[in-house]
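To keep things clear, I will list the structure first and then write my remarks on it.
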4 protein chains.
Amino acid sequence: MKSYIQEKVNAFKDQNENRARLLINCPDQPGIIAAVSEFLYEHNANIVESSQYSVDPEGGEFFIRIEFDCPELQEKSQQLEDDFQKIADTFKMDWKFMYVYNVKKMAVFVSKEPHCLLELLWEWQSGDLMADISMVISNHETSREMVESLGIPYYYIPANKDIRQQVEKKQIELLHEHDIDVIVLARYMQILTPNFVETFKDRIINIHHSFLPAFIGANPYERAYRRGVKLIGATSHYVTNDLDEGPIIEQDISRVDHRDNAEDMKKIGQSVERSVLARAVKWHLEDRIIVHGNKTIVF
Amino acid sequence: MKSYIQEKVNAFKDQNENRARLLINCPDQPGIIAAVSEFLYEHNANIVESSQYSVDPEGGEFFIRIEFDCPELQEKSQQLEDDFQKIADTFKMDWKFMYVYNVKKMAVFVSKEPHCLLELLWEWQSGDLMADISMVISNHETSREMVESLGIPYYYIPANKDIRQQVEKKQIELLHEHDIDVIVLARYMQILTPNFVETFKDRIINIHHSFLPAFIGANPYERAYRRGVKLIGATSHYVTNDLDEGPIIEQDISRVDHRDNAEDMKKIGQSVERSVLARAVKWHLEDRIIVHGNKTIVF
Amino acid sequence: MKSYIQEKVNAFKDQNENRARLLINCPDQPGIIAAVSEFLYEHNANIVESSQYSVDPEGGEFFIRIEFDCPELQEKSQQLEDDFQKIADTFKMDWKFMYVYNVKKMAVFVSKEPHCLLELLWEWQSGDLMADISMVISNHETSREMVESLGIPYYYIPANKDIRQQVEKKQIELLHEHDIDVIVLARYMQILTPNFVETFKDRIINIHHSFLPAFIGANPYERAYRRGVKLIGATSHYVTNDLDEGPIIEQDISRVDHRDNAEDMKKIGQSVERSVLARAVKWHLEDRIIVHGNKTIVF
Amino acid sequence: MKSYIQEKVNAFKDQNENRARLLINCPDQPGIIAAVSEFLYEHNANIVESSQYSVDPEGGEFFIRIEFDCPELQEKSQQLEDDFQKIADTFKMDWKFMYVYNVKKMAVFVSKEPHCLLELLWEWQSGDLMADISMVISNHETSREMVESLGIPYYYIPANKDIRQQVEKKQIELLHEHDIDVIVLARYMQILTPNFVETFKDRIINIHHSFLPAFIGANPYERAYRRGVKLIGATSHYVTNDLDEGPIIEQDISRVDHRDNAEDMKKIGQSVERSVLARAVKWHLEDRIIVHGNKTIVF
């Protein structure tokens, strides 16, 4: 990674050496917030931001994200987690502490179209996307020059459906070797096997275009054009084994009109994809997302 | 119709006694604009606004909407149309002159949910929707009081799929009797027969909710909620025999998030439906829409 | 008030007979959330929604809004407040409990232009704005018929700067007599005296148009048009003694272009004013706003 | 300029070797469109897109932008302009033919903050901003490396108000030497003299942040934060001698809320500045803007 980006990352780590986020998801019942906030108070943690949501106050599901500062956090984090286990057991919580100074390691997968990869790299260079982009994996050589010029390793791994298993084996080795936290499919046009998806559950983010109505199948932009749609959209979601059907993280649209031909619509669609994916990835990096069933809570 | 609305309509007619719109659609070739603008100039018409669009400059389709003022228009309109026939023949034009002082006669169809009807009536009362709302037809009595309090006749015609033909026969009689120009389906939950659709081709405007992805079938809001969609949309279109598949006039969306339950999403969806339908109807009333194949050109 | 609106209000009260909101504002320090949530838990209250914000974690200001359900709330509310006093003293809190079943009594002030008043009445009729609109006060007779047809008392009180004190005396008497909670200036074109403003501190909501750049003085729309602005905006704020300078609640804009003349811009501006004011009023009615210094926290 | 960008520019020139735009502005009267379209037809030009606007049909101002294809345009352009002079005289037109294959030469001025420069370079690299970025001029060295890495000359010319005339002399020499068509002030924090402005009349585009209300003077973001504004905006305009007061090309806003501190607002403001400036520059490059008095017509 280029030195001016490395500097930004280091400054961020220093600023956040005592900051963590606690994410909880459990059956709703009275007393959860009291117990958790009492716990944090006793451990000298100061709550900076907290967001809570209950599906249905009576007998529903409870979600909370608390961001807090705690002196000497790096020394105390293990103790904190051990102590928390008791509360977690009482309320049957799914929970995790995320430490902000642990900047997440990210891998980007891309095929030929570079627009989404470019957006991520731009945001990253300008310091707006705080991650360690550890590698780019592609089944094409198209983006190598651009990626390597930023000091990021580029792995060219040809792929097609006949060699899917070998390809994924290589990819998973690389990802594990570099201890990757999150994978972004920035227009990676290969289907992933259930094994791959399971290995990185709730940690693979995808982007695809979306239309009203849906134009499933070939040439969606051509068909959207012929139908005269007025909106072009994009959806970013976590990958599950149902193709394009995982929990939605973010969506957006852009207006088009009769003057836009299929080619224009594609360009506009790519622009929406870029911004939707960038937002989804940022929220993931900031631990703002809780996956619950087939939906997301984005705090 | 209430007297203060009638006053607004009359004032509008007076202001526009010499104003017309010419809409043309023909194969593209050089010289069309020259011929049409020369024609209008020779007939003392002054162009106020013109919008033009060609699908593909070479051998494609040409569309134009010209709004113009012409002294003594009401006396001269027949002559104008007769004279224009020659140009129309030369260029193989689909064309029509629309006279702004001929305020369009509108019928609104509604079932139980009144939100779209309400929006139209509110816009109409405030003078923002220039039409003669001649009648409301409904298969429920729900909205009678509100409609009649504005001096608009309300026809209650029970409907279901078994008596579709008799029902439509009655409706068509009423519509013809009052010389209706445009029909707005403001959440009218009955399917129309091909005969009805053909009788009012390109003059029936519908509204329905739209999702990314589409949730076809029952309980769309419940399923959109369970999938965690972030956008709720609506689409207004001309009715054709393909259910919900006619040329799209307007679409829009509103953002939702995890805090919105299925009921909230429905309410938000209704709000989008209201504004999308109102815009589509206004554009139709202002003769801004040309239907071409299965799409619209909205000038 | 018309009976079908009364019915909606009654249903709302029944649904919310055990629901309250607690709003707190105090110097930030560790332990606040723990203390408050412990308190609510001990009083059998279940937190439904909570939003928290701290200006600056170290030595800054702390804000929280908690919505909760508590069985037999109406019998226990006094005890709850008495018990809470101890925590409030410990943390030097500004605080209040607001009971959702106490539907707020609202007075609307209007001059000649009815668009903002109309918007409020429409939202109110459709059940989207939960208030008891107890009266409309105007220095013109323009809107009497419309207001009275909804069963709302209309007080015509002529006003100008020479008789300001007598006028406000009459108004304050009326407002006190009906125990008014919130006053909405829906384009009321009279300046209020410091005495009036002080009497209803943080309970008077105003709306005005806003431009980029500002066009202070006469004919703002004409000047905005001549400058070719591309955006027309509106700002809703609490009234203080600095004219148009109180804490901002909500703002929004609408796009315009060269085809919009000064008259069109005015109409577009009125449309933005309507929606901005309606949102601001709703947030106030839902106790979502904390005023702090010259700004608002909107939860 | 890098070879892959040069390739895109060359492809664009080839595609548009026969395409031009005619921009006209004159007193309104009947017959203008007839005369112009007849002229183009006689010269074998085929109209691809035309947009027209009249301020006021009776005795007002007339504006039109016509995009057309004409075989062998590069050979015939001089003749075309000579022949058009007669029509132009008849209708007292301000007019110009712009040839699309003449890709405009652009200079970007920047001070320390690189965000607007970066945006332009990104759009340019991806082929979305069709210009020949011939140079960057800066009173700081900050952006040299980034600019030169794209093959664009970077001129460091220190500047302050005491040496304004010498500085501008050097700048103007450079600009003339390279035959610059348009100057973009991408956060260039120096005031230009009337002489400079006059030399490049209607060809200097500026960007600045905008607020509702305006916060004129020092620390606008800090003051906007303390006032609790809900919108942060940006305005792009042609530079005239009234500082920040020239004809507005484009404006936009972004929402902020109480959680955004002054630093966040600045960042959000920069993001709006980037997109507003990019749109304004594109419209200029596509000859979509006619300046009239102190406003713009953007077709």
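Placement of Cβ uses the backbone N, Cα and C atoms for every residue, glycine included.
Worth saying up front: this structure is predicted, and the values here are computed from it rather than measured.
Under the heading domain 'ACT', TrEMBL lists A:21-102. The feature active site is assigned by TrEMBL to A:D244.
DSSP places the residues of the domain 'ACT' (A:21-102) in helix, strand and coil in these numbers: 30 helix, 31 strand, 21 coil. Secondary structure at the residue listed as 'active site', taken from DSSP and collapsed to helix, strand or coil, is coil. Within 10 Å of the Cβ of A:D244 (active site) there are 14 other Cβ atoms, across all protein chains.
When pLDDT values are averaged over the domain 'ACT' (A:21-102), the model yields 93.
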